[in-house]
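Chemist: Here TrEMBL flags A:183 as active site, nucleophile. Residues annotated as substrate binding site in TrEMBL: A:149, A:172, A:183, A:263, A:385, A:390.
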């Protein structure tokens, strides 16, 4: 389903010969058939942002987009002016096909940094994708497959509001995932009747609580792009609160799926920090814990090593997160293995067999809280990233 | 040799039954026989600092120490008041043996966080160490072995000033190594006639340029301790500049040895950033690159992946390190594989077979520079930290 779950959108995913993997679907096209063409976007803050990011950030800034073309198999990042010309030519090609302006077409790329794309393949692939455009569940699924790189499965979401408007979405992302902004390409569609301003506000809020709170490997990408497109095809004007909530639910679902498919991961780790003086303090503590290679290795070895949790917590400056180290408690999967900053119940009581590991940290310093997600660090992660050129 | 290279110091390293590894030397004693007992220290800034750190930071603050007792096999961290009492009891024991006050004895521990030490073994081990104290090269070597945990080899340094004063030192550290302060226990001795103030200034400067510029895994320890002790036994008052320089040389050598023995490492990576507007900017860029798991995996796979270098560089905010991404160059082992922020010479030209990998980044924005060291991220690192409880 993915992006075609919302009315007014058609999609396609085709093998265009961009990826080094023979026959892999590597080009996706999503077209907004209207009547609206409202759009919002959030992009990587990496200073080496890729050509498609430069292009798309610019064209979405007016609140309108009629289509998105996305490729795996090459990031078109650090490719200078020739790379930018490629993104522009790709947008022009799609614009010609759908009868729009190049400035109505967003472009996303993912893959190896530092190399230009095989542009002829991209352009002929666009023809092929245009020919197979459909508003079917299958077409949406094809698109979600075409954007995968080290992802082991497509990641999609379908949600329906109380009065029938719909949100659909797809994301790719598996490694190079860290706040701010997990590394990924994400397209979310809705058939609600909403303005570009509403879209951008809902997207900003949703991204902040989802993609900005996951961390697979602490590495920020050059290509991160999240787009939210509205067709208005349902004719339904949603309650603003419900719309925002549903967008947040969509981004949360997609972010959670990224963690569930983190490169080489054997555990999905939820770090929840409560009892903080402010949400920022809770977030800083959660991120410090989620970023610990030592902890992530311990979890992969099924060791609920609270020493590595508190030692990470101890790196957060006290002006950022005031707390008393002797009042901190840590529960792993419901067992309080650290009490008052020291040993609590025996770590052998913790059942580490579930895929999902819950680390609950209570700073006992206030009322604020925050949750971040990460993955464990496994042999497989090293294998993927030592042996796969990306 | 290590700490006994300087005159006026005796040392011992014995198996006291603290470590879980049967028969492993796990207790070291270093005694300053004077005539001076000047001392300086630098300690972890982790807010969950261990009991021995709390003890030693306090007793060294007056600029005096006559002995240091160090154990592997247990960190005595997050152990509350009982842990502090253990550190104190250990200092009292040594003080009784050497005829000093407990406040003259520093205590260092390394190993698993969250458990008390087997105090009886520590105290009886102190007797044994005291009996075998000697100022020989062998005794110094024994001490350097006794502090090892996942270290695969002892790390020592011996340096002589132009007029004959000497500096000796030993360090342990292999994982949980990140600025500020690499995770480690370090004792440096000198027979120069210097004041505690001179010692502290020299140590601060040395640590800043060495232990604070290495990063094995981004994880800061609860137990980091660096001590510098002066006996004055050579009777030589060194030129202050030469003394500072030699201390810096000692800390640099020991820090470099830690990187050379990083957990599971197959490459030692030197990241040198030049052309920065300030040293702080260069350091921020160097640290961002050195912290990239993706890059560290690539290097372990002998892939000089400049995309992962610049994408890390791109995460440093522009107010911290102003530079133009299109003017950045990156050389790996002397081959300019990134030119003007894009592809340069082919990565296949880079010889990745040497253990030492040189990443030279020129921001082309100013005259300042900084160098940091890290290790690659290997299967073996994950193995050590998934399967070893520490």
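Cβ coordinates are placed from backbone N, Cα and C, and glycine is handled just like the others.
Nobody curates TrEMBL annotations by hand; they come from automatic prediction.
A quick note: this is a predicted structure, and the numbers were derived from the prediction, not measured.
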Chemist: Look at each of the binding-site residues, A:149, A:385, and point out the one with the fewest other Cβ atoms around it within 10 Å.
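Modeler: Counting other Cβ atoms within 10 Å of each of the binding-site residues A:149, A:385 gives the minimum at A:149.
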Chemist: Within 10 Å of the Cβ of residue A:172 (substrate binding site), how many other Cβ atoms can you find? Include all protein chains, please.
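Modeler: Around residue A:172 (substrate binding site), other Cβ atoms within 10 Å: 27.
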Chemist: List those binding-site residues among A:149, A:263, A:385 whose Cβ lies under 8 Å from any Cβ of chain B, in sequence order, or write 'none' if there are none.
Modeler: A:385
Chemist: What kind of secondary structure is residue A:172 (substrate binding site) part of, going by DSSP in three states?
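Modeler: DSSP assigns residue A:172 (substrate binding site) to strand.
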